[in-house]
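> For 22-43, 55-78, 98-116, 136-158, 199-221, 233-254, 266-285, the entry in TrEMBL reads transmembrane segment. According to TrEMBL, the domain 'G-protein coupled receptors family 1 profile' annotation covers 37-283.
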Amino acid sequence: LGLLVNEFILFGLTQDPRKQKAIFGVFLMFYLATLLGNFLIVVTIKRSRTLGSPMYFFLFYLSFADACFSTTTAPRLIVDAISQQKTISYKECMTQVFSAHFFGCMEIFVLILMAFDRYVAICKPLRYTTILNRHVCSVLVILGWVGSCIHSSAQIVLALRLPFCGPNVIDHYFCDLQPLLKLACMDTYVINLLVVSNSGAICLVSFIILLISYVIILYSLRNYSAEGKQKALSTCTSHFIVVVLFFGPCIFMYTRPATTFPVDKVVAVFYTIGAPLLNPLIYTLRNAEVKNAMKKLWCSKL
């Protein structure tokens with residue numbers, strides 16, 4: 001491969017010492033809140049008898065993927081904000097590329113499964129428990145893990161093909177293919193096309209599938225009573241907020257040619273740190289069943 005660079009320097013969000021201290025404090029709080037929120041949801045769903053429906057089965061895996069996805073990028077950003085040495089080894093960098101894409105892709109697949117769950121619950125309510133029984137749900141989640149593994153393996157194969165023999169400063173706060181392509185000492189046109197056709201296509205196609213599913217769900221709600229409509233819309237609205245928060249930045253990042261913009265790092269914060277932090281808030285604050293289950297479980301423990 002002609003590999004000469006064995007470590008990279010992560011530029012981070014800023015080089016301003018004052019701003020770096022603020023980044024350390026703010027993102028440490030964000031990360032701890034993300035872990036706590038998603039941990040509460042995971043434990044509550046696992047321990048509660050009232051949250052046994054497929055929707056909460058998928059929410060369990062969304063929260064797990066959120067916690068892992070945030071962990072692939074946030075700790076490095078927090079530590080680098082106060083450390084003099086902002087280096088990351090080549091192996092660590094490739095591991096970060098793989099794990100960020102693996103858990104990010106898993107989150108996409110779980111969001112699709114949650115939309116499918118809402119579609120079945122609203123459009124085929126009488127057959128809901130037979131279509132989405134525990135066995136089917138488990139198989140769908142396993143397929144999500146396998147799909148994520150295939151996607152991230154394809155990304156890492158592309159990353160490992162890049163030779164680095166010149167500058168080693170990554171203008172980002174974590175290792176990703178877009179900033180790495182800028183440092184490679186080869187023509188990256190073909191590899192960038194493959195990145196767009198892999199990551200970009202997954203983001204765009206998944207987003208279109210989700211939009212179509214919500215249009216079908218909204219159309220199906222016309223026959224519901226006012227109370228039924230309100231309950232269904234409440235659940236779908238929280239799902240849709242999560243989808244827009246996650247997919248908007250992803251589509252911006254991965255469906256364009258090999259160009260990087262100064263705003264990229266801020267946009268990346270939205271889907272790597274913002275979405276995993278907001279997901280537990282959106283799903284608990286807008287969901288009475290989860291709130292009641294949490295009160296029962298944690299109040300009895302305390």
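Note: Cβ is positioned from N, Cα and C throughout, glycine not excepted.
Automatic, uncurated: that is what TrEMBL annotation is.
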> Quick check: do the transmembrane segment (55-78) and the transmembrane segment (199-221) share at least 3 Cβ pairs under 8 Å, counting only pairs 6+ apart in sequence?
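They are not in contact.
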> Which value does the mean pLDDT take for the domain 'G-protein coupled receptors family 1 profile' (37-283) in this predicted structure?
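Within the domain 'G-protein coupled receptors family 1 profile' (37-283), the model's average pLDDT equals 89.
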> Residues sitting near the transmembrane segment (98-116): Cβ under 8 Å, six or more positions beyond its termini, same chain?
55, 58-59, 61-62, 65-66, 68-69, 72-73, 137, 140-141, 143-145, 147-149, 151-153, 155-156, 174-176, 199, 202-203, 206, 209-210, 213-214, 239, 242-243, 246-247, 250, 271-272, 275
